[in-house]
Amino acid sequence: MEEDPVNLREFQELAKRKLPKMSYDYISGGAEDQFTLRENVEAFQRIMLRPRILVDVSKIDTSSTLLGHKMSSPILVAPTGSQQLAHPDGELATARAAAACNTIQVLSFASDYTLEEVASSCDAVRFFQLYVFKGRDVAAAVVQRAERNGYKAIVLTADTPRLGRREADIKNKLIIPMNRNVEGLMSVDIHTTGGSGLEAFASKTLDPSLSWKDIEWLKSITRLPIIVKGVLTAEDAIKAVEVGVSGIIVSNHGARQLDYTPATITVLEEVVKAVSGSVPVLLDGGVRRGTDVFKALALGAKAVMIGRPVVYGLAAKGEDGVKRVITMLQKELELTMALAGCPTLKDITRNHVMVPHQKPRSLL
Ligand SMILES: Cc1cc2nc3c(=O)[nH]c(=O)nc-3n(C[C@H](O)[C@H](O)[C@H](O)COP(=O)(O)O)c2cc1C
Ligand SMILES: CC(C)CC(=O)C(=O)O
């Protein structure tokens, strides 16, 4: 009988056994030395909790809202491309699992099912993640389709003017399916003479000239709120608020872009302070435990997103695997809140965590 993972790490192990090496390496890997990949997880492990005792925790409420949308917990599904590498049902399975768990899926621009197919798969609140390609007409057409199909926000990924150097993908000569959302809008020759097929595609399509002034353009083509993903500094957080975004995601793209950026949890507080409550701040990168979610909330995040764990759940057990990953994390958060003396999310404060002097262990 197939084993039943009891935590998110065991889902990763199961996914590793089930997936071809090329797919597993693409999903699990990070950029270059993968220093930040390790840091994203380890920085959470350096933060300790300060639980309060003798609080009535007979009822725990994990429910939350984001931009006015209700969620059963502050845990969202991060955008991850090409989910058919993990399972044939890909983003459709993820959409149904997220809906069943009452949470928001951020659909990747690079999804293997089109945004229309995902929208008609089930009824749910979902957001759409945008990459801006050279020649803005493709992005404009896709954003308008997302709006027409009921997506409730645009998540602009801003940390990928070019693709980070992912050495496993280069060695494996990664083959990536053609982006379905741009079918009929553009044609790109993705044949390579070697190396990563994703890198070949990205270098032909991504627009490295995208800049802050383009938020104005994005606002001119959609009425949807814009959330910027990839903020790591107070300076950029302030800029994002100035140009009128509706939300910020502290993210280093799961350590797949610029290596030696800090773990996201170590810069969260800086960003939260810089925006002083004007817009919600989310975080992704390395969230693997309910205690991690709790720590991020204590440091000011409105919610967190999980990337790889969802894809591992999908690879391990399809739609049911994704459901179990999300539910597992929600239940761990609920238990953490009970054991820390926080019956509601509002009860989680900065005083519930002890943050060490932020120096990566390997630099001490
Ligand atoms: C396989 C994979 C594909 C991804 N594809 C996208 C994408 O298409 N767009 C995007 O904005 N981020 C993408 N990301 C980054 C995630 O949205 C997220 O920032 C990251 O996975 C969070 O870190 P975690 O995997 O440690 O949870 C991808 C990440 C992975 C692992
Ligand atoms: C560049 C995208 C197509 C995929 C992505 O964001 C990723 O692999 O991290």
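Backbone N, Cα and C atoms are what each Cβ position is placed from, and that goes for glycine too.
Listed in TrEMBL for this protein:
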type     : residues                                                        : note
DOMAIN   : 1-358                                                           : domain 'FMN hydroxy acid dehydrogenase'
BINDING  : Tyr26, Tyr131, Arg166, His253, Arg256                           : glyoxylate binding site
BINDING  : 79-81, Ser108, Gln129, Thr157, Lys229, Ser251, 284-288, 307-308 : FMN binding site
ACT_SITE : His253                                                          : active site, proton acceptor
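Checking each of the binding-site residues (Gly81, Gln129, Lys229, Arg288, Arg308) against His253 (glyoxylate binding site), the C-alpha distance stays within 10 Å for Lys229.
Residues from the binding-site residues list (Pro79, Tyr131, His253, Asp284, Gly286, Arg308) with a C-beta closer than 6 Å to any atom of ligand 1: Pro79, His253, Asp284, Gly286, Arg308.
Residues Arg256, taken from the binding-site residues Tyr26, Arg256, Arg288, are distinguished by a CB atom under 6 angstroms from ligand 2.
Reduced to three states, the DSSP call for Tyr131 (glyoxylate binding site) is coil. Ranking the binding-site residues Tyr26, Arg166, Arg256 by Cα distance from Gln129 (FMN binding site) puts Arg256 first. Once Cβ contacts within 10 Å are tallied over all protein chains shown, the binding-site residues Pro79, Gly81, Gly286 are led by Gly286. Among the binding-site residues Tyr131, Arg166, Arg256, none has a Cα sitting within 10 Å of the Cα of Asp284 (FMN binding site).
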